[in-house]
Amino acid sequence: MPTSLMSRDLVTHLLVALFGMGSWVAVNSLWIELPVVVKDLPEGWNLPAYLTVLIAFGNLGPIAVTLTHRFAPELLKEQWLIHGIQALSVLAATFLAVFWQQTVLIGGEVHSLPFLLLGFVLAFLCCTSNVTFLPYMYQFPPAFIRTFFIGQGLSALFPCVAALGQGIGQLECRNNSFGNGTEPFYFQEKFTATKYFWFIWVLLTISGISFVGLVYWHQKERDMQRVHEQPPESSPHESLESFPLRDSTYTTTDMKENMETTVKPTVSSPFLTWRNIYLLVLLMVSNALTNGVLPSVQTYACLPYGTMAYHLSVVLSNIANPVACFIAMFLMCRSMMVLGLISVLGAVVGTYLLVLAALSPCPPLVGNNVGVSLVVISWILFLGLFSYVKVVIGTLLHEAGHVALMWCGAAIQAGSLVGALLMFPMVSIYHLFQRTQDCVENCAF
């Protein structure tokens, strides 16, 4: 019996991870593939600025869900809303793979309208997933929240590994035609952006199928529990009224661990306590740094040390994300002070990376292996520490109730938006950061 129970839990963990993978894989892939698509689209390197604005408008989705939850909660059915988000994501990814190169003449200028429009649709859906996927996970024990965050880490790791296999940014310095210097020679990618977008379509499809499997598997588990146990009779009014966002097919008796942490014999305590507010603020700051501020300057901080340093930083830091979530499954920190100290340590490492970006193209220890090691380790520590903080906060908020997880998703999205909007004018308008030039001596020592 224990072996059978363990195998069923492993299946659930796998389905939850693949379900979580689909939350941000589309937008992550758009950012990662930008160096390839800018070669063919008329906006060129202005495309990141357009994408930032579109993602900002994508926050209309979470706002709509939050307002509906506040004023008309009976209209929301999480399971079917998630099915709709995933189906539209797969459809949008299909159109993206087919039409991303198409252009339209607008006001006498050529624009990549299909790419921008589909980018907005995918951003809208990804943003909305933060306030629907997480609350849905409330019906599972807290351990599965940590697995869900592992899946979110995979949504950045898989597109990143695919891009590295594609050969993005690979170059060789060759002598120029005048024989008095070198110039960069950029290698052709091993496969096209179209094939890359089809790969993202596969990931989104797997995520959608996994959610269907998760719903079926969870229902099967619930039916098996009813067969082997005789649950005490409960009031017919306590399941749906307590959790208006949840589908009526799920109740608080789904899992024993969930029952222990959510069912109260007396009136439940209010959600907006100083502890929960502290956790939400910490979550917003963490996501502002990890999803908005530092990703905007990663190329400026890493490329002065070479393309290898950049690729190692991207890959290993994205591996650190799910690893940190995995560690949290066995080592949970419930101390508010320790969580704050971990966040401060992560912020110190992030400040070092910001300083490197500000000093680009000549940061300290350029041309030295120590500098390469420091920048790679710093990115690993930065994302690893904050990933641990985020998954622990998500677990603690899970214990505070279904509404807490909705606010958890809203805080993640709000922090990411603030971080992106804060860095957008600095990077794209005022150009406060300088990019290193390939095959050129940028620093005179």
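Just so you know, glycine gets a Cβ as well, placed from its N, Cα and C.
Not measured: the values here are computed from a predicted model.
With a threshold of 8 Å between CB atoms, the same-chain residues lying at least 6 positions outside the transmembrane segment (12-32) that come near it are 48, 51, 55, 86, 89, 92-93, 119, 122-123, 125-126, 129-130, 133, 137, 140, 144, 147-152, 154-156, 158-160, 163, 168, 196-197, 200, 203-204, 206-208, 210-211, 213-214, 217-218, 221, 295. Summarising the annotation, TrEMBL assigns transmembrane segment to 12-32 (among others).
With a cut-off of 8 Å between Cβ atoms, the residues of this chain six or more beyond the transmembrane segment (47-68) that come close are 27, 30-31, 34, 37-38, 41, 75-76, 81, 112, 116, 119-120, 123-128, 130-132, 406, 409-410, 413, 417, 420-421, 424, 428. Look at TrEMBL and you will find 47-68 (among others) tagged as transmembrane segment.
Look at TrEMBL and you will find 80-100 (among others) tagged as transmembrane segment.
As annotated by TrEMBL, transmembrane segment applies to 112-136 (among others). Under 8 Å from some Cβ of the transmembrane segment (112-136) lie the Cβ atoms of residues 19-20, 22-24, 26-27, 30, 37, 41-43, 47, 50-51, 54-55, 57-62, 64-66, 78-79, 81-82, 85, 88-89, 92-93, 95-96, 99-104, 106, 145, 148, 245-246, 394, 402-403, 405-406, 408-410, 412-413, all in the same chain and six or more residues away from its ends.
Here TrEMBL flags 148-168 (among others) as transmembrane segment. A Cβ distance under 8 Å defines the sequence-distant neighbours of the transmembrane segment (148-168), meaning residues of its chain 6+ beyond its ends; these are 16-25, 28-29, 32-33, 35-36, 133-134, 137, 187-191, 196, 199-200, 203, 311, 314-315, 318-319, 321-322, 324-326, 328, 387, 390-391, 394.
The transmembrane segment feature in TrEMBL is assigned to 196-217 (among others). Counting only same-chain residues 6+ beyond the ends of the transmembrane segment (196-217), those with a CB under 8 A from a CB of the stretch are 11-12, 14-16, 18-19, 21-22, 25-26, 29, 33, 36, 79, 82-83, 86-87, 89-90, 93-94, 96-97, 100, 155, 158-159, 162-163, 166.
Annotated transmembrane segment per TrEMBL: 277-297 (among others), in sequence order. Residues 31, 336, 339-340, 343, 346-347, 350, 353-354, 357, 382-383, 386-387, 389-390, 393-394, 396-397, 407-408, 411-424, 426-427, 433 of the same chain lie 6+ residues outside the transmembrane segment (277-297) yet bring a C-beta within less than 8 angstroms of a C-beta in it.
If you look up TrEMBL, you'll see 309-331 (among others) marked as transmembrane segment.
Per TrEMBL, the feature transmembrane segment maps to 338-359 (among others). Packing against the transmembrane segment (338-359) from elsewhere in the chain are residues 279, 282, 285-286, 289, 293-294, 297-298, 300-301, 304, 375, 378-379, 381-382, 385-386, 388-389, 392-393, 432-433: each is 6 or more residues past its ends and has a CB under 8 Å from a CB in it.
As annotated by TrEMBL, transmembrane segment applies to 371-393 (among others). Away from its own ends, the transmembrane segment (371-393) comes close to residues 145-146, 149, 153, 279, 282-283, 286-287, 289-290, 294, 298, 301-302, 305-306, 308-309, 312-314, 316-318, 320-325, 327-328, 332-334, 339, 342-343, 345-346, 349-350, 352-353, 356, 363-365, 408, 412 of its chain (Cβ-Cβ under 8 Å, at least six residues beyond either end).
The transmembrane segment annotation in TrEMBL covers 405-433 (among others).
Listed by sequence, the residues of this chain that lie at least six past the ends of the transmembrane segment (80-100) yet keep a Cβ under 8 A from its Cβ atoms are 22, 26, 37, 65, 112, 114-115, 118-119, 121-122, 125-126, 128-129, 132-133, 136, 193-194, 197-198, 200-201, 204-205, 207-208, 211-212, 247.
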